[in-house]
């Protein structure tokens, strides 16, 4: 059998050389291509569709200046250009990268000597792990250092949760968000029919509401609109293909000096008109152009009739409630959370801060029991997937320690004769790459099940994906791989001595860290390098795009629409790295060093991409961040339970009791944090809103608004009574603000803050790195940091946004007839197509042309392009 330590070393060397070579190649190509391929590497600086306030200035051309430039950006700069969601993800990477560096400084000087000296004689990296400790009294070093490191991790979680809540409240109170329609609109779901059909009840519950919009059954309309949209896309694609072929055929005839057609129509240069079948294989074959043109015209009439007969449609169990201001909305929302008045109606959920484009309209008509049933089905399917996905992942774990199996599994004997370098590739590179590929297949299916399970918004789908994908990662990438790696490394000894299986598994568990060293090398070198190079985007831009982008719309979309990160997929990958780092921080502390390097490089790659490359998706207001922070507790639990198990097997009862005590402390902190912070994520204290917009003398509450929100909610009946006797909203505002007086008195009068109007330039702000550590040192400012967060927000957050009337209705009700965009060709076919469809379908050839090579080009936006407007 090959020596396990040499295999471990060769696996590490192979992984390091391979991933470092990939990293250097990717970074070298990125630095060479970046100056001339700005559409790939700095699109946000140059595309016209990017809002002015979100266009960063070009990055430095110097490779060395680039790193310093990105790292020195201030928090305000990151919020403005990376967006709130991007800013919090960068903060997440920085927080745990800094924690890794701190862990190296604290744990390495103590644990590495404790593990390495006078041990049991392990070799390779195993000499630095828990498994090499011979004197069991040394385990107390592991216990107290786990208290120190895990305790500081819990403090960081508390600090960041508190910071997020303050940031969220400050952001919602800013002029920008305070005036958005989404900040004054509530979605109430699963209303009983008695309330749904009696608007008087809704008016009694929400007398300060300005508008009620009931959701109606629009399935028939939505089906017709989708069919019309699909036909419009098919019509546009067919006409573009026909015109492109005709122009190319014309150019060939001219080049060969052959006669040109005497008449101009669709078949002048193409032998047969395009056709398609109405059903796959067995459907009737129809002329594509005629069918699409005539059917779209017929559907226009049907859709228009259905859109104008909205009142005839049946009401379903959801209603949108519009309020005059965010203050009114938050008062009603806090009453929904805390007032007994609402409990007797058994409403479903109340959602605030959602824009019309965020809503999954097809799920608004689900009853409570239907939604629960569908969600149960989704959760069951995913649970079974986690179980059965373990088999291929277990194979990967076995491969990483295949050298231990050779002695008993005879058909693997040939591996023993492989060169060390090849064996290193098999045990080091292959498993980590295979595991990454396996896990990349999961997120799309989770999102599908999230939508099927009744998610109400795209943000909820992302949150659902974040939860389940993280569960997949922990179970498959960590637990299954760790257990199979540990079991594989001990399999020969277990076969010889079955009674000692638990002891052997415990002693071999730290050895599984060798696989995760390779995994961190992959995630920390190849992944950041690939993220910066963006090889897929580069290929699409330079090669594949020229082949597949055969319409003006596709070309315009390629160059003017930014791809956006899916936070429900991105966060779990790095939450897993945090989990692995925490779990092995005491057992095999050397892994923290690799984790630190990985987080630093990932931090730089994502900082650059979020500033210069990636766009913004649906505004989640950073909600994925606290979810990821709570998931860190999973790593803490696993680490502490694992240590307890190792201490029990070593029969060191003192260490066992001490670690069990800290486990209880961790559970208590977790429960307290959920109790303290979860109710504050969506609700905003009235005093926070008024302190910014209406009553600057009112201060932000010291307890983040917990007591104030409960007071407002419980006093809601009195507020309603006061409102019903008043002629306007002034008295209501006075009443609601009075509920925060007790909180106001608790505020430290000497709290140092900054006026949001003093922001002159984001470039004069201190860098994110300096700001982060100065905040960590100044704990008092963090505890009363509402004014400071207001100062961090970009200047355009101070300006109340003026938006046109935003309607909370299904997109099908606002759908307009398709606008077909075709290129203006020198033959006149586009003019012929426009005349052929006149009165039936709107066809445009504006802002398009053909170049001298016969390739179509766009010169402006599509005819139906409309600038994105915040809602």
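A Cβ is built for glycine as well, from the same backbone N, Cα and C atoms used for every other residue.
Over in Swiss-Prot, the protein carries these features:
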type	residues	note
TRANSMEM	11-31	transmembrane segment
TRANSMEM	92-112	transmembrane segment
TRANSMEM	139-159	transmembrane segment
TRANSMEM	380-400	transmembrane segment
TRANSMEM	422-442	transmembrane segment
TRANSMEM	475-495	transmembrane segment
TRANSMEM	520-540	transmembrane segment
TRANSMEM	562-582	transmembrane segment
TRANSMEM	586-606	transmembrane segment
TRANSMEM	629-649	transmembrane segment
TRANSMEM	653-673	transmembrane segment
MOD_RES	725	phosphoserine
MOD_RES	726	phosphoserine
COMPBIAS	727-740	compositional bias 'Polar residues'
REGION	727-746	region 'Disordered'
MOD_RES	727	phosphoserine
MOD_RES	729	phosphoserine
MOD_RES	737	phosphoserine
MOD_RES	761	phosphoserine
* Mind checking which residues reach the transmembrane segment (92-112)? Cβ under 8 Å, same chain, six or more beyond either end. -> 128, 141-142, 145, 148-149, 152-153, 156, 160, 571, 574, 577-578, 581, 585-586, 589-590, 592-593, 595-596, 599-600, 602-603, 606, 625, 628-629, 768-769, 772-773
* With a Cβ cut-off under 8 Å, give me the same-chain residues at least six positions beyond the ends of the transmembrane segment (520-540) that come close to it. => 15-16, 19-20, 22-27, 29-30, 33, 37, 40-41, 429, 432-433, 436, 558, 563, 573, 577, 580, 591, 594-595, 597-599, 601-602, 604-606, 608-609, 613
* Structure fact -> In the same chain, residues at least 6 away from the ends of the transmembrane segment (562-582) whose Cβ sits under 8 Å of its Cβ atoms read 43-44, 47, 50, 85-86, 89, 92-93, 96, 100, 103, 150, 153, 443, 446-447, 461-466, 469-470, 472-474, 477-478, 516, 519-520, 523, 537, 591-592, 595, 598-599, 602, 610, 613-617, 620, 624, 627-628, 631-632, 634-636, 638-639
* Same-chain residue ranges lying at least 6 outside the transmembrane segment (653-673) that approach it to Cβ under 8 Å -> 139-140, 142-144, 146-147, 150-151, 154, 157-158, 161, 630, 633, 636-637, 640-641, 643-644, 647
